[in-house]
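See below for the structure under consideration.
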Amino acid sequence: MTRVLLASRNAKKLAELRRVVAAAGLEGLTVVGLDDVPQFPEEPETGATFEENALIKARSGARATGLPCVADDSGLAVDALNGMPGVLSARWSGRHGDDEANNSLLLGQLGDVPADRRGGAFVSACALVTPAGEETVVRGQWRGRIVDEPRGAAGFGYDPLFVPDDAEAGGRTSAELAPAEKDALSHRGKALAQLVPFLRALA
Ligand SMILES: O=P(O)(O)OP(=O)(O)OP(=O)(O)OC[C@H]1O[C@@H](n2cnc3c(O)ncnc32)[C@H](O)[C@@H]1O
Ligand SMILES: [Mg+2]
């Protein structure tokens with residue numbers, strides 16, 4: 001069995017990564033998380049793009065463990081904010097991973113922005129780095145709009161504020177979708193789908 005490390009320190013994101021990889025039915029691959037390998041220090045996510053940050057995380061996981069490593073760097077790019085919070089999504093309010101503070105800051109910033117200009121996209125870059133140094137990076141996007149009040153309790157991050165454009169979502173926020181519904185439409189689902197052939201090749 002080949003082991004593959006999914007390197008995320010965000011438990012809810014990690015659960016999504018695990019789900020999508022499991023749904024792909026990769027025979028001969030065992031997925032492990034950071035809890036299953038010896039601890040190694042977190043590298044600062046200093047990249048200017050999602051791709052650069054995904055590579056920083058995947059390279060450091062592969063280097064520390066000797067395992068092929070998948071990492072996601074993602075965020076919400078709001079049109080009216082010229083693509084921000086972007087790579088700063090996790091720490092937009094100044095406190096890393098404080099979803100409530102991030103959401104209320106974003107809502108305040110969009111306070112005067114009318115409904116027809118509240119478009120944006122979730123973006124995910126997923127990188128696969130092997131111990132031999134082969135690197136693959138892919139990107140998925142999920143278009144939608146930012147509502148003016150949070151709705152729903154599933155998912156994480158900005159999910160309660162994001163209504164996907166997809167008809168299947170029927171006007172629900174991504175925090176109101178069932179997990180499998182989110183995976184079928186999401187930026188992360190689309191990015192990982194492109195990595196599946198490369199993962200299959202490792203098995
Ligand atoms: O870097 P790792 O350890 O993977 O965990 P993280 O939470 O810091 O992850 P990122 O640096 O990639 O930042 C992503 C942020 O973007 C937001 N985000 C990304 N994907 C999202 C999703 O599917 N739903 C809601 N918010 C999302 C959310 O605020 C995340 O904390
Ligand atoms: Mg991060």
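Note: Cβ is positioned from N, Cα and C throughout, glycine not excepted.
TrEMBL annotations:
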type: BINDING; residues: Ser8, Arg9, Asn10, Ala11, Lys12, Lys13, Ser74, Phe156, Gly157, Tyr158, Asp159, Lys182, His187, Arg188; note: substrate binding site
type: BINDING; residues: Asp73; note: Mg(2+) binding site
type: ACT_SITE; residues: Asp73; note: active site, proton acceptor
Message: Quick check on the binding-site residues Lys12, His187: which one has the highest count of other Cβ atoms within 10 Å of its Cβ?
response: His187
Message: DSSP secondary structure for Ser8 (substrate binding site), reduced to helix/strand/coil, please.
response: coil
Statement: Expressed in Å to no decimal places, the gap between the Cα atoms of Lys12 (substrate binding site) and Asp73 (Mg(2+) binding site) is 14
Query: Do any residues at least six apart in sequence from Gly157 (substrate binding site), in the same chain, have a Cβ closer than 8 Å to its Cβ, and if so which, in order?
result: Lys12, Leu76, Ser89, Ala90, Asp99, Asn102
- line: Quick note, Ser8 (substrate binding site) and the residue listed as 'Mg(2+) binding site': C-alpha atoms separated, nearest Å, by 9
Task: Find, among the binding-site residues listed as Ser8, Asn10, Ser74, the one whose Cβ has the highest number of other Cβ atoms within 10 Å in the structure shown.
output: Ser74
Task: Return the residues near Asp159 (substrate binding site), defined as same-chain residues 6+ apart in sequence whose C-beta is under 8 angstroms from its C-beta, sorted by sequence, else 'none'.
output: Gly152, Thr173, Ser174, Ala175, Lys182
Message: Distance check, please: Cα of Asn10 (substrate binding site) against Cα of the residue listed as 'Mg(2+) binding site', rounded to an integer number of angstrom.
response: 11
List of residues, in chain order, with Cβ under 8 A from that of the residue listed as 'Mg(2+) binding site' and at least 6 apart: Glu45, Gly47, Phe50, Glu51, Glu52, Asn53, Ala54, Lys57, Val87, Ser124, Ala125, Ala127
Query: DSSP on Gly157 (substrate binding site), three-state: which is it?
result: coil
